[in-house]
């Protein structure tokens, strides 16, 4: 599969924490597009387990092997971030029909706020379809083993958070 002319895409999310499901989508997007920017949302309305800086750092660490992937934190509207980095496409993951309904509404809002911004939806590989950051946090908080759901650096950080 060949790439089109220069394409810069944004994969936005809270990534609290980044999971193997996220990484699966990032690796696949990196093969399809020239540049992938992981946009880690500050999300002040959410009570995140990890700070914005930690979440950006995790994203950078787990994607070091991908030359065309970077990670940045942002606050405010995602469309403003996309405009600031001159991105023309958003990557969004869909696990369920509930995700689809939510993303469909967001996509229409994004189009109104930033005409020309397209959304590309990727479904996760079967082994990652059930993974969510929320579930991973819950399992970790209750002492469960999350090593099969998140990259090693994240599993270690979750283990440390549980000790605190």
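Backbone N, Cα and C atoms are what each Cβ position is placed from, and that goes for glycine too.
Look at Swiss-Prot and you will find 14, 46, 78, 92 tagged as substrate binding site. The ATP binding site annotation in Swiss-Prot covers 14, 15, 22, 93, 94, 95, 103, 128, 129, 130, 131, 132, 133, 134, and the record cites sequence analysis as its basis. Annotated site 'Transition state stabilizer' per Swiss-Prot: 22, in sequence order, evidence recorded as sequence analysis.
Nearest neighbour of residue 129 (ATP binding site) by Cα distance, taken over the binding-site residues 46, 78, 92: 92. Across the binding-site residues listed here (22, 46), the residue whose Cβ sits among the most other Cβ atoms within 10 Å is 22. Residue 46 (substrate binding site) carries neither a helix nor a strand DSSP state and counts as coil. Residues within less than 8 Å, Cβ to Cβ, of residue 94 (ATP binding site) and separated from it by at least 6 positions along the same chain comprise 100, 103, 121, 122, 123. Cβ neighbours within 10 Å of residue 92 (substrate binding site), excluding its own Cβ and spanning all shown chains: 20. Look at residue 22 (ATP binding site): DSSP puts it in a helix. Between the CA atoms of residue 131 (ATP binding site) and residue 14 (substrate binding site) there is a gap of 15 Å, rounded to the nearest whole number. The number of other Cβ atoms within 10 Å of the Cβ belonging to residue 103 (ATP binding site), over all protein chains shown, comes to 17. Cβ neighbour density within 10 Å is lowest for 129 among the binding-site residues 78, 129. Burial estimate for the binding-site residues (14, 133): highest at 133, by number of other CB atoms within 10 Å. Across the fold, the C-alpha of residue 78 (substrate binding site) and the C-alpha of residue 22 (ATP binding site) stand 18 Å from each other.
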